[in-house]
Amino acid sequence: MAGLWRCMLAVVMLMCVYLWDSAEAVGGAKSRPRPQRRPPKKPKITPIDLTQPEQDIDIERMLGTWYLLNTASKCSYLVNHGTKVEPTVITIARTATSNETLSVSTKTRHNHQCWEILQVYHLTSVPGRLTLKGSPPEQNIEIVIGDTDYNSYAIMYYQKQGKITMKLYGKSVDNLSEPLLTKFEELAAKQNLQRAYHFPFPTYSHCGDVDRDHVINCVPTC
């Protein structure tokens, strides 16, 4: 009989030990802090993301020829040697194959010769924002039409690899007025950019038809 009681006592003790260990395990699991989820990464904001296009931009009214009148940048070389930059003319047109792209011809002089660069700007879901696709995509140039009256001037922002440049274009080389230059400077100051040209842009020289050997065709891979 005593042996039976001892056996029953041993069983009870084992059960108590088992239940105690189980309670400790459960309690420990409950008290253990849950692993914290990493907060979602905030989207990377670049300078051009803070630049809003002209409201309800009409891309059709941007078509045609524009003359570079001034530029602003953080590039110290451009700021210090801006007067050495040759006049530049861009012509914007619709592409024949797609309504989602623009054909852009850029003509400028280099080493006393006329050069032409042919490119394609892609429209985006945001009116007034364009993309010049690079290879690889990290080389993309994001473009925003920041301010324009369509008839005389257009201020455009160009960003590549997080670095932004502002350019002031005119429908005529005579459109650079003091009020317009002041507006350009104020917008440049908001981006902490410095104006490259503190005097009227160098005189434009005719750069009409370009020799075929001096045409750089960046369509569609550049």
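We number each residue from 1, going along the chain as drawn.
Glycine too: its Cβ is placed from the backbone N, Cα and C atoms.
TrEMBL does not curate its annotations; it predicts them automatically.
Features as listed in TrEMBL:
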| type | residues | note |
| --- | --- | --- |
| SIGNAL | 1-25 | signal peptide |
| REGION | 28-47 | region 'Disordered' |
| COMPBIAS | 31-44 | compositional bias 'Basic residues' |
| DOMAIN | 64-194 | domain 'Lipocalin/cytosolic fatty-acid binding' |
Secondary structure tally of the domain 'Lipocalin/cytosolic fatty-acid binding' (64-194) (DSSP, helix then strand then coil): 24 helix, 67 strand, 40 coil
Per-region confidence, the domain 'Lipocalin/cytosolic fatty-acid binding' (64-194) (mean pLDDT, whole number): 88
